[in-house]
Every structure is written in C-alpha cells, then in structure tokens.
Amino acid sequence: MLKEMFQVFKKRKQKPLSMQQQLVGEQTELKEQSISSDLEENFQTLKKLFHIPKNNDVKVRELYIEGLNKKACLLFISTISDVKSIEENILKPLLTNKSGKEIKEIVSIQAVTEIHLFKDAVKNLNQGNTVLLIDGCSQGFAMDCPNFQGRTIEKPNTEILIKGPKEAFIEKVDVNISLVRKKIKDENLVVESIDVGARSKSEVYILYIDDLANDKLVENIKNRLNRLDVNSIQNLSLLEEYIEERSYSLFPSILSTERPDRAATFLEDGYIVLLMDNSPDCLVLPATFWSFFHSPEDHYLRFLYGNFTRALRMAAMFITVFTSAIYIAITAYHSEMIPSELMLAIAASREKVPFPAVVEILMMEFAFELIREAGLRVPSPIGPTIGIVGALILGQAAVQANIISPIVIIVSALSGLSSFAVSDISLNFAVRLIRFVFIICAAFMGMYGMTAFFVAGVYYMVSIKSYGVPYLAPMSPSYKSSSDTMFRRLLRNEKFRPGFLKPSDLQKKQ
Amino acid sequence: MKQNKGTIGIKEYIALVILTVGAKLSDDTPAILFENAKNAGWIAVALIGLLSVLPILFMLKVFSVHREKNLHEIILHLFGKFIGNIVSVLLLFGGVFALIVDSGISTDIISSFYFTKTPPIIVYSILMMVCAYGAKRGFEHIGTAAWLLLPYVKITLFIVLLFSFGGGTFGFIYPLWGEGMLPIIKTVAKDMSIYADFLYIGLVAPLVTSFKVLKKGTIWALAIVTFEICIAMVAFVMLFDYTTAEMLAYPFHETIRYIHIGFLSNVETFFFPFWLVATFIRFSFYLYLSATLLGGILKIKEFEYLIPLLTTIVILLGAAPESPSITLSAARKMNFQLLTPAFFVLPPLMWILAKIRGDFKNETA
C-alpha cells in the first residue's frame, strides 16, 4: 500500500507538460521555420498550415509584379479582411506599378510590416491582415486590412442610466479602446497587449495611466495573465474566473462594466482596466465592495439626488438580505415584538396554512427566483405572459389555496423587488444568495443566529482582499481618499485618488 | 495564514477598546458596583476611571521605550525569564478566567432573556465559534470590524439611554454620595479591575500603528468608556432606583425590556442584535489576547492555532456551572478583586524596574 501511495505521490510530483508542448496537430515546427527565398516552397508551407484548398475562405492570389520583375503571392482570409481595400490599395498598385520601387512604397496601406517567420505570417493572417510573399525575397510583408464583422455601438443594456453618456462597449476591442481614449485624451494612457491562449491567440489589452497606476499592481496583473496556460479564452467573462481571487467566495473581486465612461473614471483614479475582443464589457481591478455598490449616476446626478439614490440602494440591499429572515425570526422566536393587533392579524392569516413560516418563505423566495430566471430566458414575444402567470398563480392562487399566507407574499415581494436596486450583477447574486443563508439562520436561531452569521460575515468581509486592496477600503482600514463610500462628497471636495491603490499621484485637484 | 501582521489605526483602536470595555455596562458589572456603592455607583465608576489613569500612564511610559515589544515581552525583559513567566502565567489565568466568566454570563443573558428553550450549550458554542473565527482572522480585522459596527451599536445604546432617561425619575440619584464616601471607596478598591482590560491591551501594543496612536487612543478610549458607563449607571438608577437596580443581575437587559418606544411596547429584540454585535467583538478580542499571551509564554509563533484549543476550554469550563447567574457572578466578583491589585500595582512596578534598569535613558522625547 505504501508503494501505491508513493506512486500516486510521484505522479503528482511530475511536472505537467506546458500547454505549448502538448498541442497536438498544431504543426509548431512548421511555424517556427523562417520564410525562405523560394516562393513555391513558402507557398506550400502556408498551404499546409492553412489547409488550403480545404479551407474555403483562405484566398490566394498569385500575381506578377512587373516593376520588380518577380512573381508574388498574396494571401488573406476573405471573411475577416477588407476585400475592397485589398483590391484598391494592394492589388491595383502592385499590378499597375512599373517602376522598381520598394514594396512599402507601392502599396497604399497604412501599416506594412516585414515578417521573417511563418509564425508571424500565421498570426497576421488570423488577425485579418494580408500577407504578401515575393519570389527571391526571404521576408514577407504583412499589410493591415482587417475587417471583422460586428454590431455597432449601442446603448448599455444592463447599466441603464437616465442622466449621463449612453454609449456601451461592443464586441470589437478597437472600438472599445477608441471609446475610452475619447474620454481620456492623455498620452500617458497605455494600452498594452498580452496574448493568452495557446491555440486561439486572443489578445488581452491592459489599460492604465502610466504615471498614475501603481507599477507593482500592473506587474502583478501582467504576471497573472502571462502565467495562464490554457488553449483558449474567448472573452473577459471567462478570463475573470482565471484571474480572480477566491473563486469559491460569494463576494466578487473584479468589477465588470459595460460603460466606457465608468471605465475611464476608474482609469483616472489609478485602477487598471482589461479589454478583450468579443467582450462587450471591461474588467476593472482591483475592486472593492464600494465599486460594486456605486453607480456612475451617483456622480452625474446633483449632490443630494445622487446621495438619495445611494441611500435607497443601501436600504434596498438591507431589505433584500434581511426582510425574509427577520419575518421568520420574529414570527418564530420573538413574537412579543410585534404589536398585538398585528400579531393577531398575522396569526389569523396563517391559521389555515399548514406550513411553518420558513417553508412558506423559502417556497416564495424560490418561486420568485424562478420567475426571475425564466423571465430572463424567455423569448421576448411571450415575456409578458410569464409575468401574468407568475403574479396570478404564485400570488393570488397560492393564497386562496392556503399554501401561502398573504403577508409572506408582501415580505418576499419586497425583498425580491429590492434586489433589483442592486445594479451590479455580481453583487446582486451575492446579495440574493446571502439572503437564503440568513433565512436558514433565522429559522434555526432567530435573531441570535442572524447576528452570529452577520458578525462572522463582517469578519470575513473585512479580511478579504482584491489584489492586495482590503475589500471595505477606504472605510476601514482607512486610507487617504475622497471617502467615496456609502455617500459621495461634493465633487470639488473629492480631492484624492483612492490611497489603497497607492497611486503615484494622490492629489486629483486642489 | 499570516493575516495578523497588519497594524490598526487610531479609529479602529478606539472603536475596539470602546466596544470591548464599554460592553461591561450591559452585563452584571453595574450590579456588582451597585452592591456597595448603592445609587452612587456612577461616582464609583468615575473615580475608577480617574484612578485608572495612573497605572495606564505608567504602562504607557514603559511602552514608550519598548515600542516593538508587547506586554509579555516587556514583562520578560523587566522581571527576567523566570519571574516574568510566572507573572505572565498569572496574568494569563486572570485573563482566561475573565474570558470564561464573562462569556458564560453573556450566554446566561442570551439564554435566560431571549432563548429560554434553547440549550445554553448551543448558545455558548455559537457565541464562541463566531468569536474564534473572528480571533483567527486576526487583530487587524477585529479592529476593522469594530470600527465598522461601532456606530450602530452606539446609536442604539444612545436611544436606549435617551428613553430610559425619559422614563426615569431624576430624584432617584439623590443622595448623591449614596451611603457615604466609605462604601464608594470600598467599591473602587475592590472593583477597579473593570478596567484591567487596559492592562491586557498592552499585549497588542506593537500592532497599533504608532506609539502616539496608542497613547492618544488609550486615553481617549478610557475617557469615553468611563463617561458611557457613568451615564448608563445613572440611567439605571433613575429608571429602577437603587434598591431594584441592586437586585437586578443584568440591568441593561431589564432596561431594554422596560422601555417602550411609541407604539412598540416590546423593543428588546430590536436592541438585542446590536448588543450581540458588541459581545461578539468583545470576546473575539479577549480570545485573541489570551491566545497571544499563551503563545508568548509557550513560545509559539503561530499562536492563531491556539485559538480553537482555547475556545474549546472556554466552552467546556464556561458551560459547566449550574445556575450561572449566581455562580459566575460570584466568580466574577472574586476575579475582580484578584485582578485589581494586579492592575494597580503591576504597571508602576514595571515602571520602577524600567527606571532601575535604565531603560528611560535612551529616551528621545
């Protein structure tokens, strides 16, 4: 037995092969070769790499450049490149040119790069660029002309504001960067890119303002991204789980937003923003509890209105978490607390209901979550039907059938409705899940159980960190900052960038 | 698991001390003070507060020259290894005993006032488990949690006091000196150790950001806590008169049962969670302090791992006594009387020893 255990141990100890070495059918060796001066040979290699002619949309155009007196070959993937531009700016000048000028001077494309390895040729082609190979020339030319299809900029769908900019990120990263740059016209805004995914090479863009963001933080995030050893990561929502801290925790540690204005505000405070193709949102890190709790509208609205919204949101959060639990605690353990008339009313309404309060509440809360989930997935033409069915069946009919008492409907509707006021989806889920734990605590030990869990939760919350930043900073532990936590201050008094990020320049304004 | 290396700032420090020491107004401390001093209990508290300034100043003076050492290390340094360890072990016994008795009393409050049908051992286990979790998270996080929750605890306390003043009779605080000076002095001499916590706080002195913060924070906390307990004692006397207040084991909980707010006639369940929050934080801190001291004596660096052990001991011993409200209260009185000399004598003694050893010579300020 010991031997077996040893073997298991040994197996564990064996270093897993890096993803790069394991890739089957990736023709890594071919890719590492450098481009030769023989056009036919180069052409054959690329043909092998791109599975031509099996691959339908990889186009090859052979041509003769008169000015250079050489044969050449043009490769591109027609579905992801701008075919018109290729025709106008590459093919035509090449075919009509009679002088002996350099290639770079013939074509009228904005960026032309020389490539020497097949690896680069492949990468360029996959990015929608065109590659030109010339006979007798041991280098190729990659010409910028990508044209990926996608939707145009639209209004935000999840973070809806009444006042403030109405643009949202889309699936094209160039557009997203442009949206951010439009808001921060600063040469120090750096857009770095890192490749993730060994097979499908997706680029993750790291945005930060160079003289503001903390260098160590940027380095830390770059390291995390570089360490990823996976085949492919399609978008940011998937990337989030790879780089977040505490994947099992209820509390999110990275903020995701679809609003470029919000991303820009975070950037200017010294945070770091990640962008990626195929993601209509960005990731902001590090994130504190307050960044999930806030909405950009709090600052767009006037001081008092914005703070009123914040107070409402905080109240909504507490209602969501505690209402159902308090109802159970009071009816089951502390019934002396309710005024006697109300207690009689509750007792009368519960008289015919056979279940204990906790079962009733759990049923209703579960039903509410069901309606919510189903309402989200349902095709839009029958959407309203769900509402009617839900309200009718779960509301009135359940009461008439003596399954639920009317007051439980009020309680769970209140907590369900309030949960919508927490706009950030991650925090929203966290709050909704915590609600169930509190319900169970209240069912077991009333107020005592709830308080015990609450205090344990506070201990947990103050001890967790997101990329080295305490979760409840700057409220406690306190840092020099604009104290934009529960309530915001007047804009002219928000003088400091958040100190917990250790930005190079703390002062925002005088 | 190196989560305890963080330091805490002045806000967190004051909040922690206020919650820890201030929570005494809600257990049987007032009853113990009323016993001798009668309705002048609040004067006794004020005197204790004033008198405590002395040992605390002596202690701070000693700490000012040993900024990176905690109480145990200073004791070892001043008394030598052998005697120092004996002193620390005695302190540890006092501290753990206080932890056991105080947590037992809190359990008794919960199970006799609010959860009469639940077995006390379950109430006790939940209480100590949450505290153990908090203590394991580390000093920094207990402080942070204290600061976050302090406003709610104190606002509700303020409401309670406001309503009990409203419902009380002002005349009950006369005669001002109760039965005369002598009983008051007797109370002060016996029960001065209600502030012995300040001595134990020395165990975490190096974890406070700076000595300035420690000094300022300790003195402020002492002032606030004394004021708070004084006011609460006055409120209890005004509400119940001293004959009743003396009889009540837990005046604070009787108070929140007694008062009513508007149309709500039973509001104790509203105040109960806030009192609980303070209780949880208080015992988390006590547990942490005990673990630090035990770890120091046994030379265990990773003393967080002692917390589960201590918690188990506390639950087993604290749940053992029959009729806890009498047994534990008597034990508490005894502990007060034993700790008082320690609290009053140890700091000056430390100061004298430091003076003899010439520790103050290199003082910069």
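Just so you know, glycine gets a Cβ as well, placed from its N, Cα and C.
Predicted automatically and left uncurated, TrEMBL annotations should be read as such.
Taken from TrEMBL as is:
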- B:42-63: transmembrane segment (TRANSMEM)
- B:75-101: transmembrane segment (TRANSMEM)
- B:121-139: transmembrane segment (TRANSMEM)
- B:151-174: transmembrane segment (TRANSMEM)
- B:194-214: transmembrane segment (TRANSMEM)
- B:219-240: transmembrane segment (TRANSMEM)
- B:270-291: transmembrane segment (TRANSMEM)
- B:303-321: transmembrane segment (TRANSMEM)
- B:336-354: transmembrane segment (TRANSMEM)
Point to revise | Beyond the flanks of the transmembrane segment (B:336-354) by at least 6 residues, Cβ under 8 Å | key: 32, 51-52, 54-56, 58-59, 61-62, 65, 74-75, 78-79, 87, 90-91, 94, 98, 189-196, 198-199, 360
Practice item. May I ask you to check whether the transmembrane segment (B:270-291) and the transmembrane segment (B:219-240) make contact, with contact taken as at least three Cβ pairs under 8 Å and only pairs 6 or more apart in sequence counted? Key: no
**Study point:** Stretch contact, the transmembrane segment (B:303-321) with the transmembrane segment (B:194-214), Cβ-Cβ under 8 Å, 3+ pairs
**Key:** no
**Study point:** When counting Cβ pairs under 8 Å to the transmembrane segment (B:75-101), the leader among B:42-63, B:121-139, B:194-214, B:219-240
**Key:** B:194-214
Practice item. Select the range from B:121-139, B:194-214, B:219-240 that forms the most Cβ-Cβ pairs under 8 Å with the transmembrane segment (B:42-63). Key: B:219-240
Revision key, fill the gap. Per the Cβ filter (under 8 Å) with a sequence gap of at least 6 from its ends, the transmembrane segment (B:121-139) is approached by 3-6, 8, 103-104, 106-107, 110-111, 115, 145, 204, 207, 279-281, 283-288, 291, 304, 307-308, 310-311, 314-315, 318-319
